[in-house]
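Participant: Below, the features straight out of Swiss-Prot:
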type: TOPO_DOM; residues: 1-49; note: topological domain 'Cytoplasmic'
type: MOD_RES; residues: 34; note: phosphoserine
type: REGION; residues: 51-69; note: region 'Required for E1S and taurocholate transport'
type: TOPO_DOM; residues: 70-88; note: topological domain 'Extracellular'
type: TOPO_DOM; residues: 110-115; note: topological domain 'Cytoplasmic'
type: TOPO_DOM; residues: 141-185; note: topological domain 'Extracellular'
type: TOPO_DOM; residues: 256-273; note: topological domain 'Extracellular'
type: TOPO_DOM; residues: 299-366; note: topological domain 'Cytoplasmic'
type: MOD_RES; residues: 318; note: phosphothreonine
type: MOD_RES; residues: 320; note: phosphoserine
type: TOPO_DOM; residues: 389-408; note: topological domain 'Extracellular'
type: TOPO_DOM; residues: 433-436; note: topological domain 'Cytoplasmic'
type: TOPO_DOM; residues: 461-564; note: topological domain 'Extracellular'
type: TOPO_DOM; residues: 588-596; note: topological domain 'Cytoplasmic'
type: SITE; residues: 618; note: site 'Implicated in high-affinity site for E1S transport'
type: TOPO_DOM; residues: 623-655; note: topological domain 'Extracellular'
type: TOPO_DOM; residues: 674-709; note: topological domain 'Cytoplasmic'
């Protein structure tokens, strides 16, 4: 048997010089005693603090590349004609490969070189990020109207009300789609699904191996702080992803193949598509660089010196013969595949893959019988469902609800929401360490944080903008006759059914899908100092024939986006107070040998019950609020207009539902912990008089038989 970290109460051994030379590939030769730690001169990589730093940077880069898709989800929808349900499914495919392997990799992590496995996974994540950009390079240039973007005057003319004989030729319509066009669409979408799956597979070893590695070799009192720092730095990844998305989406999607005459779109145009693919290249490079140090960390490293000194001081007064006998690994017979300790089941470390598959269902069921483990995981499932839906669709929600650009929405989220998440995680970790919170204290902190989060979520139902009037869609034709989608005023026009070039009547604040649907037959460009403004004139369907302005109507309540996001950020910070204490409830509730497996089971449930279904659930709910769909080759593509009031109620309502579930679970956790604490004190008070009486009978120099206090 090679050197291993023993149960609580044993001093960990340090590999000898021969083993150190081959560390990570071979175990220590059986029977050889390890030298004292000061006899070994460890390299700079034999430092758990350095590992915490490197792992924080890697998880930051990993979440940056996975979070970048969420920052550009609405842009990808417009570029490839996807519904919110499909884009939510695309985002959740990150978890498919991860879920299929997480438990097995977590268990067999005790046999492999964990840092190197983390490095290999990071390399796969970087390659998946590069694959994610491939659809951009194999697709045709983006067409934002029925004409080529290389001819701006033709672009303006294509949307005018013109007789059928003089109308410009349109691009392939819904009834004129070739099989090649549909096949190409399916191919590029399929590539993105494969890339997302590989992204999840590569991330399998990163978090569970890193958490268990830190908790194995860090001082017990430092572990909460280290994990708090790890999670806090990690959460900067999505924040950087949204900041990167804000920059990239200000660039036109085909920046690498811009036409000579430029384009007629501006960033405020609803047809604008930013360079979503460019951020994946940058994030993939960051992950590849962060993976390099992991190939130099050892398989095992000595515990921190404070841990060794602490154990030497307390071993003599806390380790009873009964405890040593209970924790001794020699108590397990060679044929046993599992053993029960402290309510959880530990799998023997010498199982084969087939044996592991056979014994895992029983281990899983017995693990879930532990009430604290089950309730904490269920509460984290609710929190993760809320976080997955919010992270995936909050940028799109802000765009639609407050009529702001995708770039500005990402900037606000990156500057407000994610810093608050970091603050919440750090404060939670510091409170656990400074207050020396035990299980009951951790449970109380989790419940308090979620109750406050739920309270500050109530005003979100009432902060938002109603949908502006759209002729023929949301406009009441009974109040204003002649403004339906195909009125008699535009019968002579040859308006494309699938056209989309919105214009706004400033006097009535009514929006039309195209200038043709407003009956406009001409256009003018007014040059200004900073930009040019396009007006469409001679509009037969507009009241008094007023000119209409190119672009959607501006929202009258866009200023509410900042108060809305401040409340969201405050709720996120309060919810993240529970992050570190809930993890400590799981890590401190299992044996050291069970930690990797317990974390693996935890993440398996989070992915199966939260990160996989939640984006699809939120996307489906968003799709039900759509009032006008774009069509592509006869199929429903991207949504162009939503019912904003219904969108707000359903999106925030889902968030409120998951927060309520988390509050209920944490309340049950606290109740169970208090009951267990009460029973333990009662048992201790009852057993103390019996022990004292037995000591008097046995004499001062004898110990009571079968004492397990």
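Placement of Cβ uses the backbone N, Cα and C atoms for every residue, glycine included.
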Participant: Taking the Cβ of residue 618 (site 'Implicated in high-affinity site for E1S transport') as the reference point, list residues of the same chain whose Cβ is under 8 angstroms away and which are at least six residues distant in sequence.
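Facilitator: Correct list: 84, 88, 388, 389, 392, 393, 651, 654.
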Participant: In the same chain, which residue numbers or ranges, 6 or more beyond the ends of the topological domain 'Extracellular' (623-655), come under 8 angstroms Cβ to Cβ?
Facilitator: 77-78, 81-85, 174-175, 177, 181-182, 185, 270, 386, 389-390, 393, 397, 400-401, 457, 460-461, 464-467, 470, 473-474, 497-498, 500, 513, 617
Participant: By Cβ distance under 8 Å, which residues at least 6 away from the ends of the topological domain 'Cytoplasmic' (433-436) in the same chain are close to it?
Facilitator: 221, 224-225, 228
Participant: Other than its close neighbours in sequence, what residues sit by the topological domain 'Extracellular' (70-88), given a CB gap under 8 Å and a spacing of at least six beyond its ends?
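Facilitator: Distant contacts of the topological domain 'Extracellular' (70-88): 135, 142, 185, 188-189, 192, 238, 241-242, 244-246, 248-249, 253, 271, 273-274, 276, 279, 391-393, 395-396, 399, 406, 410, 413, 615-620, 622-623, 630, 632, 636-639.
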Participant: Please give the sequence-distant neighbours of the topological domain 'Extracellular' (389-408): residues at least 6 beyond its ends with Cβ less than 8 Å from one of its Cβ atoms.
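Facilitator: The answer is 67, 70-75, 77, 84, 88, 91, 238, 242, 245-247, 249-250, 267-268, 272, 274, 417, 464-465, 552, 554-555, 557-558, 560-561, 564-565, 568, 572, 614-615, 617-619, 622, 642, 644, 647-648, 651, 654-655, 658.
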Participant: What does DSSP give as the helix, strand and coil breakdown of the topological domain 'Extracellular' (389-408)?
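Facilitator: DSSP classes over the topological domain 'Extracellular' (389-408) add up to 17 helix, 0 strand, 3 coil.
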Participant: Determine how many residues of the topological domain 'Extracellular' (461-564) DSSP places in helix, in strand and in coil.
Facilitator: 15 helix, 27 strand, 62 coil
Participant: Check the DSSP secondary structure of residue 618 (site 'Implicated in high-affinity site for E1S transport'), expressed as helix, strand or coil.
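Facilitator: The residue in question, residue 618 (site 'Implicated in high-affinity site for E1S transport'), is helix (DSSP, three-state).
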